[in-house]
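Here is the structure we will look at.
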Amino acid sequence: MSTVTQEKAPRPVPRLRRTPIIEGQEAVLIAVLVIVGVLLAVFTDTFMTSANIQTVLYTVAPIAIIGVGMTAVMVTAGIDVSVGSQMAIAMVVVGKLLRDTDLGWFPALVVAVVVGSILGIINGLLIVVGRIHPMIITFGTLNVYRYVALQIFGDQQVSGVPDDLGFIGGSVQAVTFGIPNALLLAMALMVIMWAYMRQWAGGRHLYAIGGDPGAARLTGIQVNRKLISVYVLIGVLVGIASLVQVGSGGLIQQNVGIGLELQVIAACVIGGTSVLGGRGTVFGTLLGALLVGTVSSAVTHLGWPNELTNLFVGIFIIVAVGIDLVRQKRRTKL
Amino acid sequence: MSTSTVPGNLQPAKQGPSSDGFGSRVLRRVLTDRVTLLAILIVALLVAFSALSAADRLNAPFNVSYLSTSLMSLVPVALLALAQMFVIMSGRSGIDLSVGGMVSLAAMLFGWLVGPQQWPVITAVVITLIAAMLMGLLNGYLVSYLGFPPLIATLASSYVFGSMAMLANDRAPFADERIAATNALTRRIELFGDVAVPAHVFTVLLPCILIAWLALAKSRWGKSLYAVGTNDVAAKYATQPVKATRASAYVAAGLLSGVAAIVNVAQFASARPDAGTAGNGMALPAITIAVLGGVAIAGGLGRVGGTALAALLITWLNAAILISFQGSMGPRVQLLALGLVLLGAVLLNSYANRRYGLAE
């Protein structure tokens with residue numbers, strides 16, 4: 001086990017196994033997004049307005065930010081279903097900090113990141129030490145974290161949060177070149193993670209662990225350390241996403257984040273990430289999140305009942321994974 | 001966890017520290033036999049809270065009457081935990097996130113048949129159960145025949161079932177006198193004194209537990225399910241119908257969800273579109289209880305007795321917590337307890353497996 005030095009100096013992988021920048025599933029997703037957009041532009045006159053597009057992009061941002069972390073977790077064949085409760089903790093802490101002190105946004109950012117990484121370390125340690133499936137561990141911490149969040153809330157929701165974080169919030173002012181700052185933040189994080197997972201040895205190790213943890217260990221990858229780090233990463237990203245969610249301030253309700261994990265997992269899966277590990281890109285996850293956000297907005301603008309969104313999301317998941325399974329079979333036949 | 005229900009040839013040989021002393025034998029039994037551990041925990045819970053109650057530290061008396069009344073919430077929880085047990089046991093990281101969605105949709109179907117359609121209740125029950133089995137079959141087909149990861153297939157189908165239930169009557173529940181009349185199913189039967197047990201504990205839950213036990217421990221199908229869950233390649237070479245067996249576990253989960261849906265409608269005297277998905281939903285507690293009951297997440301291990309006792313433990317623990325805290329603290333502490341108990345159970349599993357060399 002003298003491979004620690006290799007870990008410390010990540011270097012680009014050899015050019016041997018470079019994958020195309022846009023894979024099949026991502027091209028299909030872009031096509032679907034364009035088609036849905038065109039159809040909506042034709043059939044409604046309220047969807048293709050800059051205000052509505054900005055709203056969609058803002059609501060997509062937190063899911064995309066957490067999705068970046070979830071992609072990394074799922075690539076290692078893990079999963080984190082506690083993100084909703086983590087977000088509740090981060091949001092109530094940040095909300096109370098902004099309301100009860102006049103520290104401003106930067107300490108809030110630091111606190112959110114620290115809170116998220118602590119929650120992530122707890123998940124990671126339990127998974128590694130207990131050697132138990134991440135889903136079961138995070139099901140457990142989902143409940144425990146929700147309790148912690150409710151305790152911090154106290155008896156009531158947090159109201160009157162100031163708009164210190166308004167620059168990444170959902171208002172019309174928080175927009176640069178017509179794109180909400182929150183989504184720009186998500187895209188920046190995505191580009192960094194995309195480069196890391198694609199170009200750097202440390203990022204490729206995630207795929208190796210997801211493909212076969214035993215083999216990964218034998219090649220000298222510090223599997224446990226790597227696993228803990230991805231859960232810390234998703235915790236940090238949940239912290240950042242909760243800043244976006246707090247955004248312009250106002251009201252933080254006690255039920256924030258319930259069901260968030262399913263939305264994030266749906267975005268990842270529609271984007272082509274495999275829950276079995278070893279495959280997935282953050283770019284696909286962003287497209288998946290955009291598709292879910294677009295469909296949700298489309299249902300509203302077509303005057304259909306909101307519940308249809310979930311029906312469509314369910315069908316998208318089945319279709320996306322079904323296509324992927326077919327492609328996989330074709331690949332293994334060669 | 002014990003070998004009594006597992007065919008000997010499927011259970012890896014137990015090796016570990018030789019257990020000479022009485023103490024180490026007891027410890028080994030407690031750590032490896034989930035039923036023993038759960039029984040001890042239930043007794044400990046009863047003793048502890050009876051003592052607190054005697055010392056007048058609780059908001060309400062913790063007595064036989066309270067415990068028997070709280071069995072009302074045991075029924076759906078235990079049914080869905082059994083559903084998860086079958087699915088998780090079937091292997092290939094089996095899990096069913098859609099039980100909540102299936103309960104909601106089946107409840108709406110049952111309410112629609114009994115209410116607006118004026119069908120006889122018996123016919124409505126049969127149709128609802130068949131429909132619930134078809135929902136389970138969809139999951140089973142996706143997982144077993146098409147090769148979907150169970151987590152993803154049931155996540156997608158829970159979205160589909162849940163939203164169909166919401167759309168069924170435009171988000172409104174079905175409620176009329178005929179549906180309200182089904183409430184008789186869940187009336188309380190006075191056994192002695194002021195001890196009244198909900199009738200469906202006897203008419204629904206115990207028969208379901210018995211059938212589940214017969215199916216799992218005594219039937220060919222059960223043996224096949226253990227084999228498929230332990231090692232599906234080996235099961236295939238042993239001429240077991242791997243795909244059909246695995247799919248049938250999901251159908252069984254659908255059937256049990258259908259039963260839970262009918263119980264839910266009867267209990268609330270109305271068919272609610274969010275019957276199984278309100279709050280955090282029913283899937284999570286069900287998975288927790290199955291794992292607590294000793295079902296190994298890797299498949300192939302699990303017992304009906306363990307799952308039923310785990311459901312009882314959680315039900316009584318929740319009931320005890322409810323009268324120990326004021327106002328909104330009760331439900332909160334229930335969340336905490338559920339999470340901690342799950343983490344404790346799986347960590348204990350993992351420790352016992354390593355100490356006694358059982359298969360994970």
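Heads up, the Cβ atoms here are built off N, Cα and C, so glycines get one too.
Because TrEMBL annotations are produced automatically, they should be read as predictions rather than curated entries.
Annotation comment: TrEMBL describes B:1-21 as region 'Disordered'.
Within the chain, the transmembrane segment (B:35-54) has long-range Cβ neighbours (under 8 A, six or more residues past its boundaries) at 1-2, 29, 61-63, 67, 292-294, 303, 305-306, 309-310, 312-313, 316-317, 320, 324, 348. According to TrEMBL, the transmembrane segment annotation covers B:35-54 (among others).
If you look up TrEMBL, you'll see B:66-88 (among others) marked as transmembrane segment.
The transmembrane segment annotation in TrEMBL covers B:95-113 (among others). Tertiary proximity for the transmembrane segment (B:95-113) is limited to same-chain residues at least six positions away from its ends with a CB under 8 Å from its CB atoms, namely 76, 80, 83-84, 87-88, 119, 123-125, 127-128, 131-132, 135-136, 139, 150-151, 154-155, 157-162, 164-166, 168-169, 173-175, 179, 250, 253-254, 257-258, 260-262, 264-265, 270-277, 281-283, 286-287, 297.
Residues or ranges marked as transmembrane segment by TrEMBL: B:119-138 (among others).
Among the features that TrEMBL reports, transmembrane segment is placed at B:145-168 (among others). Long-range contacts of the transmembrane segment (B:145-168) within the same chain, counting only residues at least 6 positions beyond its ends with a Cβ under 8 Å from a Cβ of the stretch, are 87, 92-98, 100-102, 104-105, 107-109, 112, 135, 138-139, 243, 247, 273-277, 283.
Among residues of the same chain six or more beyond the transmembrane segment (B:195-216), those with a C-beta under 8 A of the stretch's C-beta atoms are 5, 64-65, 68-69, 71-72, 74-75, 78-79, 82, 85-86, 185-189, 222, 225, 252, 256, 259, 263, 266, 302-305, 308. Taken from TrEMBL, the feature transmembrane segment applies to B:195-216 (among others).
The annotation transmembrane segment is assigned in TrEMBL to B:249-270 (among others).
Annotation source TrEMBL lists transmembrane segment at B:282-301 (among others). Long-range contacts of the transmembrane segment (B:282-301) within the same chain, counting only residues at least 6 positions beyond its ends with a Cβ under 8 Å from a Cβ of the stretch, are 1, 6, 10, 34-35, 38, 76-78, 80-85, 88-100, 103, 158, 226-231, 260, 276, 307-311, 313-314, 338, 341-342, 345-346, 349, 359-360.
Below 8 angstroms of C-beta separation, residues 34-35, 38-39, 41-42, 45-46, 49, 52, 57-60, 62, 66-67, 70-71, 73-74, 77-78, 81-82, 209, 285, 288-290, 292-294, 333-334, 337-338, 341 of the same chain, each at least six residues beyond the ends of the transmembrane segment (B:308-327), sit close to that stretch. Positions annotated as transmembrane segment by TrEMBL: B:308-327 (among others).
Marked as transmembrane segment by TrEMBL: B:333-352 (among others).
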Going along the chain, which residues at least six beyond the ends of the transmembrane segment (B:119-138) come within the CB cut-off of under 8 Å? 98, 102, 105-106, 109-110, 113, 157, 161, 182, 247, 250-255, 257-259, 261-262
